[in-house]
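What TrEMBL annotates here:
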type: DOMAIN; residues: 8-135; note: domain 'MARVEL'
type: TRANSMEM; residues: 15-34; note: transmembrane segment
type: TRANSMEM; residues: 41-61; note: transmembrane segment
type: TRANSMEM; residues: 81-103; note: transmembrane segment
type: TRANSMEM; residues: 110-130; note: transmembrane segment
type: DOMAIN; residues: 140-279; note: domain 'MARVEL'
type: TRANSMEM; residues: 150-168; note: transmembrane segment
type: TRANSMEM; residues: 180-201; note: transmembrane segment
type: TRANSMEM; residues: 213-232; note: transmembrane segment
type: TRANSMEM; residues: 253-275; note: transmembrane segment
């Protein structure tokens, strides 16, 4: 029997989620009314608003009907990971969409950007409301290392939508970089899914040590990409072509190079944090 819990809609997190649904719905409705644009960046923005809107609505319905208690997953980990992911996705959409698809006289596009920025603020608030506090017992994805895993996966997604197959398919070095992005993304996704589905016990070795070893390997691989990607992609292509439009391929190369460096920093922070938890906390 389904029990309705109205309290889930009146607590701060519930109110924030309802506003998120409204704002993301307005964003994708306004952009859809303008018309389709054949760009991976446009598709990313639309996917972001639609995905965040309906998954947030799903969470609201599940908690309002108390059906989330019957789901065989770690619900707190799922909602925390989704809030973090949505924050990053909406932030990216709020930057990408006005950069490439908005002009001074584009009323609907400007309105969609404003509602998207407001949605980003709300998702940031939700992360703050759901993140684990010191001394509080919670799931892995509610902790700093868990949130870093979500961030690493998100940055990889931004890299993927910026890749140009026609370019990296010509150079083995760039193919290595794409392989690194893919492998690290897959492993981060596996950790997130295993955590949500409560399958971490299936790891044949201690999870914290497996995570530390993976982080070290990811740092080493990303270090090679930080050198190799700009070396090959900007070869004989050191500056932005003068005749390039707003969605210039050269800009995509810069985005990939920057995000590669950014993800390297995230992996280094994750590795340092993992070492601290495994070797120093355990020893203490």
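Here, residue 1 is simply the first one shown, and the rest follow in order.
Even glycines carry a Cβ here, placed using N, Cα and C.
Across the domain 'MARVEL' (140-279), DSSP classifies residues as 112 helix, 0 strand, 28 coil. Taken residue by residue, the domain 'MARVEL' (8-135) breaks down under DSSP into 106 helix, 0 strand, 22 coil.
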